Amino acid sequence: STMRKRKTADSPHSSTDLSEGKEKLRLKQEVGLISGVSLIAGTMIGSGIFMSPEWVLHHMGSPASSLLIWAACGLLATFGALSYAELGTIIKESGGEYIYILRIFGSFPAFLFAYTSVILVRPAGLAAVCLSFAEYAVAPFYPGCSSPQVVVKCTAAACILLLTIINCLNVRLAMSIMNIFTAAKLLALLVIVVGGLVLLANGQTQSFQNAFQNTTAGIGAVGVAFYQGLWSYDGWNNLNYVTEELKKPEVTLPRAVMIAIPLVTCLYLLVNVSYLAAMTPSELLSSKAVAVTWGDKVLGSWAWLISLSVALSTFGSSNGTFFSGGRVCYIAAREGHMPDILSMAHVRCLTPSPALLFTSAMSLIMIMSGSFTSIVNFFSFIAWLFYGMTISGLLYLKIKKPELPRSYKVPIIIPIIVLMAAVYLVVAPIIDQPQTEILYIVLFIFSGIILYFPLVHFKRHPRFLQRVTLHLQLLLEVAPTTRDAN
């Protein structure tokens, strides 16, 4: 059949028959500590920190409260990542939330997550970041006017196709590009930080006088401000998608988290302080691109460096999103929740190229349709719905199965805080300002039921799919892989 039911036991031989004489394909362990830190930080630092600050300030109403939101978002991302690090040392498989939900709660909720993530969330997120990259990349060619949408969309599509080629060719090449672009964007943020410190030293502190004045106190407004801030921190869980490709995951996973997320949080806070030193709150709120306005005010004729930095930053973030997003599709297919062809790897490059090509195709559809904007606005709603489910799974394992071997333990209070935050982030905007788009998203998630029962539960597959799979195997030069139990 084209969708295989895999064994779900956690034993090292659950997907490998050692009596077979033939060699089996598996993805290489190419991701070390530096690459792990780079994958987390490089995906987190995308367009968000250059675009979101005005929206956080808009919803919170005052500079000091907006800085508190940025700090709280960083703390929440750190707590979430530390909780995920423990899950990654108990369930040493790639796939992030998908594999944890599958192993703890079972097949049906895991399928709903995979269906939503592979079809909607990951492609929409990738399309959004690539369009941000395209906006900044083509802006210098259209000075004084807005760039034509067809040019922006074609540039974004070219970005996705380039990322597809890079990630299909070699994991090490993709990680090298990730490391280079992460270094470049960290340098760009340091330029903004140093510029802000110089402004503060020169006495430009007017934004920080009566800093809590006009603060908004509504639970819905705070929740939406969190959404905007957390969009900039998205990617804190990226390393859990590639656990099987980590060198010494039990050591690398917690260490990479503890280095990357506090580093990004400190940078984000200092960058926001720099923005507020260069601009008054009203100037910041009226800016369409905060970083560019900052560059015009502080760097003068060198302001083009900021546009270049944002383009580099968004390209690097797109690479990280693409790298991990393709793995969710690959793992879901390996577990029988997606067509079999998506669970295969290239016989020479050892990359999950069919899954990457599928993710690429879905992202291109999102770009061409142009209807993804509302989806991205509610990205955090879907994400925190499943984050909450995953964290509740960790609490279940900590309480009911404390005997499970784990090389790293997080204090139980941390996942409890994350779960409470997840419930708040899902419920608060619905109570405060109910919107029909949220209903559409919930309906889309549960529309997966229509596919789950005939295709996965009862395994009713059209016969022609087997022939299609064989032809695609020959065309793409791919073969089935085995799970790497670390």
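Here the Cβ of each residue, glycine as well, is placed from N, Cα and C on the backbone.
If you look up TrEMBL, you'll see 1-22 marked as region 'Disordered'.
Among the features that TrEMBL reports, transmembrane segment is placed at 31-52 (among others).
Long-range contacts of the transmembrane segment (64-85) within the same chain: residues 40, 44, 53, 56-57, 96, 208, 211-212, 215-216, 222, 225-226, 229-230, 232-233, 236-237, 240, 253-254, 257-258, 261-262, 264-265, 268-269, 272-273, 387, 390-391, 394, 408, 410, 414-415, 417-418, 421, each at least 6 residues beyond the stretch ends and with a Cβ under 8 Å from a Cβ of the stretch. Look at TrEMBL and you will find 64-85 (among others) tagged as transmembrane segment.
Marked as transmembrane segment by TrEMBL: 97-118 (among others).
Residues or ranges marked as transmembrane segment in TrEMBL: 154-174 (among others).
The feature transmembrane segment is assigned by TrEMBL to 180-201 (among others).
Residues annotated as transmembrane segment in TrEMBL: 256-278 (among others).
Under 8 Å from some Cβ of the transmembrane segment (298-317) lie the Cβ atoms of residues 42-47, 50, 129-130, 132-133, 136-137, 139-140, 159, 177-178, 181-182, 184-185, 187-188, 191-192, 195, 199, 235, 278, 289, 291-292, all in the same chain and six or more residues away from its ends. The transmembrane segment feature in TrEMBL is assigned to 298-317 (among others).
The transmembrane segment annotation in TrEMBL covers 354-372 (among others).
Same-chain neighbours of the transmembrane segment (378-397): 80, 83-84, 86-87, 90, 97, 100-101, 104-105, 109, 113, 116-117, 120-121, 124-125, 226-227, 230-231, 234, 237, 404, 412, 415-416, 418-419, 421-423, 425-426, 429, 437-438, 441, 445, counting only residues six or more beyond its ends whose CB sits under 8 Å from a CB of the stretch. The transmembrane segment annotation in TrEMBL covers 378-397 (among others).
Sequence annotations record features per position, and here TrEMBL assigns transmembrane segment to 409-431 (among others). If you look at the transmembrane segment (409-431), the same-chain residues 6 or more away from its ends with a CB under 8 A from one of its CBs are 76, 79-80, 82-83, 85-86, 219-220, 222-224, 226-227, 230, 380-381, 384-385, 387-388, 391-392, 394-395, 398, 438.
The transmembrane segment annotation in TrEMBL covers 437-458 (among others).
Sequence-distant contacts of the transmembrane segment (180-201) (same chain, six or more residues past either end, CB-CB distance under 8 Å): 38, 41-42, 45, 49, 267, 270-271, 273-275, 277-278, 291, 294, 298-299, 305-306, 309-310, 312-313, 315-316, 319. Take the transmembrane segment (31-52) and the stretches 97-118, 154-174, 256-278, 354-372: counting Cβ pairs under 8 Å, 256-278 has the most. Distant neighbours of the transmembrane segment (97-118): 8, 10, 87, 91, 237, 240, 325, 328-329, 331-332, 335, 337-338, 358-359, 362, 382, 386-387, 389-390, 393-394, 396-397, 444-446, 448-449, 451-452, 456-457; these residues of the same chain sit at least 6 beyond its ends, with a Cβ under 8 Å from one of its Cβ atoms.
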